[in-house]
Amino acid sequence: MTHILAIDQGTTSSRAIVFGPDLAPAASAQAEFAQHYPASGWVEHDPDDIWQTTLATARAAVAQVGVEAITAIGITNQRETTLIWDRETGAPIHRAIVWQDRRTAETCGRLKAAGHEPMITERTGLLLDPYFSGTKVKWLLDNVPGARDRAQAGKLAFGTVDTFLIWRLTGGKVHATDATNAARTLLYDIRHGTWDAEICALLDIPMSLLPEVKDSADEFGATAPELFGAPLPILGVAGDQQAATVGQACFAPGMMKSTYGTGCFALLNTGAEMVPSQNRLLTTIAYRLDGKVTYALEGSIFIAGAAVQWLRDGLGIVDDASRSGSMARAADPEQEVILVPAFTGLGAPYWDAESRGALFGLTRNTGPNEIARAALQSVGFQTDDLLDAMQADWPGLPSDAPLRVDGGMTASNYTMQFLADILGRPVDRPQVLETTAKGAAWLAGMKAGIYPDRETFAASWDLERRFAPEMDSATRARRLAGWKDAVRRTLSDHS
Ligand SMILES: Nc1ncnc2c1ncn2[C@@H]1O[C@H](COP(=O)(O)OP(=O)(O)O)[C@@H](O)[C@H]1O
Ligand SMILES: O=P(O)(O)OC[C@H](O)CO
């Protein structure tokens with residue numbers, strides 16, 4: 001009883017990692033699953049794929065160490081993705097609507113035009129954007145035949161992916177979420193820690209659908225014994241970006257992390273203070289421990305590693321993502337090609353769903369190397385936009401505070417050096433890059449009493465490499481001006 005199973009249910013794959021007594025990974029398994037795109041801008045997951053890949057990977061990882069070694073489970077998950085199921089049968093009423101899905105753009109537009117956004121932002125910290133769960137729940141109730149009646153009769157349950165997995169893992173006994181996941185629904189008042197009756201009424205969502213909200217380290221029930229051969233308590237739950245914030249030990253105000261996977265999500269710990277954003281960032285819950293909320297400012301951008309996927313799968317100019325760095329280094333220094341990767345619109349701080357990507361500065365000499373460099377640099381430029389907004393929203397942020405990074409794309413030394421250069425601040429890459437799963441494991445293991453307290457855990461955070469800024473300030477200013485001009489010309493309303 002010395003290990004913790006972390007379940008990391010992500011957008012494109014489910015992962016399970018068992019962490020040992022020293023918080024080092026001891027076993028793991030991963031399975032990808034299908035993405036469904038039933039219409040332009042729509043993205044769905046089959047709930048059974050989510051469940052089956054989660055169960056199979058969890059069983060495979062547990063088998064490597066033996067179930068008797070597992071003390072508890074921590075769950076971390078793709079956030080905002082929305083499911084509704086029948087309380088009696090457990091059957092979902094529809095496929096899961098994924099966070100990337102834009103089908104409720106019109107509903108959001110209507111609610112915005114009617115002047116509801118300021119009230120919603122003040123209470124939830126979020127914006128009226130299809131990204132969040134609330135309008136997706138409304139869509140399901142409005143469009144699945146009979147759903148609203150069944151919801152009104154108390155027969156249905158809503159959940160983000162954590163809640164759905166807890167329900168399935170406990171054999172339908174527990175309908176719960178944690179505060180970080182609740183904070184992404186658009187239905188949760190993060191100031192008071194309560195579901196908001198007025199917003200639910202505005203979206204026509206019966207409150208009987210909603211799960212109980214717990215701490216991020218809390219008792220979420222035990223798994224049905226037949227699943228793993230023994231009941232395992234679920235003691236930690238957090239949305240994946242918040243779990244990464246915990247895994248990176250960003251426990252003090254002013255500490256921040258940025259995760260570079262398909263997209264990029266930067267979170268700045270603002271402590272017990274809920275900081276409203278004047279710069280179109282999100283205000284969210286970083287974690288809730290012992291009933292005490294720690295808040296964060298978050299910047300979300302939709303395309304980071306996905307730009308490299310585009311080089312590989314769309315343009316076919318790299319055969320492997322890891323080749324992009326050497327191509328960028330070989331690019332012509334005289335050409336300043338800029339890619340604005342607004343493939344699905346732009347996220348924070350622009351929130352422009354209608355814009356589409358653009359390349360600037362092409363000449364007859366532009367080739368694959370220059371385009372690869374532009375793709376990698378776009379990640380640095382976009383992060384700078386986020387950190388600029390954070391600095392403006394929270395002037396307490398020291399201008400030389402390091403950025404802790406994780407996620408698949410941080411393997412790219414070129415990208416990390418450019419990031420440090422363009423931010424003008426150090427970029428710290430830790431030894432353990434599985435920080436999301438590590439955060440979930442720590443929450444559960446700390447609750448179980450086998451992992452150390454916050455301070456000791458924070459002290460064990462290990463640097464693998466620091467990227468120090470090397471670019472001179474004139475070059476930096478010129479490059480940033482070029483980026484800002486390119487974004488201006490890309491925005492859908494660039495009049
Ligand atoms: N060496 C590399 N250079 C540049 N990009 C990379 C490199 N290795 C991985 N990536 C990018 O990182 C992403 C994968 O990161 P990961 O954290 O696994 O993402 P996710 O969890 O969102 O699926 C991919 O988009 C891939 O293109
Ligand atoms: O599954 P990921 O790693 O792409 O993360 C998705 C985010 O939680 C969406 O908000």
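Think of each number as a place in line: the chain as shown, counted from 1.
Glycine residues also receive a Cβ, built from the backbone N, Cα and C atoms like all the rest.
What TrEMBL records for 4-247 is domain 'Carbohydrate kinase FGGY N-terminal'.
Positions annotated as ATP binding site by TrEMBL: THR11, THR12, SER13, THR262, GLY305, GLN309, GLY408. Annotation for GLY408 (ATP binding site): spatial neighbours TYR260, GLY261, GLY305, criterion Cβ-Cβ under 8 Å with sequence separation of six or more.
Classification of THR11 (ATP binding site) by DSSP places it in coil, neither helical nor stranded. Taking Cβ-Cβ distances under 8 Å and a sequence gap of 6 or more within the same chain, the neighbours of THR11 (ATP binding site) are GLN78, THR81, VAL98, TRP99, GLN100, THR262. TrEMBL lists THR11, ARG15, THR262, GLY305, GLY408 with the feature ADP binding site.
The sn-glycerol 3-phosphate binding site annotation in TrEMBL covers THR11, ARG79, GLU80, TYR131, ASP240. GLU80 (sn-glycerol 3-phosphate binding site) carries neither a helix nor a strand DSSP state and counts as coil. Taking Cβ-Cβ distances under 8 Å and a sequence separation of 6 or more, the neighbours of GLU80 (sn-glycerol 3-phosphate binding site) in its chain are TRP99, TYR131, PHE132, SER133, LYS136, THR160, ARG184, THR185.
The glycerol binding site feature in TrEMBL is assigned to ARG79, GLU80, TYR131, ASP240, GLN241. Its Cβ taken as reference, ARG79 (sn-glycerol 3-phosphate binding site) is surrounded by 26 other Cβ atoms within 10 Å in the chains shown.
The average pLDDT the prediction assigns to the domain 'Carbohydrate kinase FGGY C-terminal' (257-447) is 94. Per TrEMBL, the feature domain 'Carbohydrate kinase FGGY C-terminal' maps to 257-447.
The Cβ of SER13 (ATP binding site) lies under 8 Å from the Cβ of GLN30, ALA31, GLU32, PHE33, THR53, each of these being in the same chain and 6 or more residues away along the sequence. Neighbour counts of Cβ atoms within 10 Å were taken for the binding-site residues THR12, GLN241, THR262, GLN309; the minimum is at THR12. The secondary structure of GLN241 (glycerol binding site), as reduced to three states from DSSP, is helical. With respect to their backbone Cα atoms, ASP240 (sn-glycerol 3-phosphate binding site) and ARG15 (ADP binding site) stand 12 Å from each other. Residue environment of TYR131 (sn-glycerol 3-phosphate binding site) contains 25 other Cβ atoms, counted within 10 Å of its Cβ in all protein chains. Proximity of the binding-site residues (THR12, GLU80, THR262, GLY305, GLN309, GLY408) to ligand 1: a Cβ under 6 Å from the molecule is found for THR12, THR262, GLY305, GLN309, GLY408.
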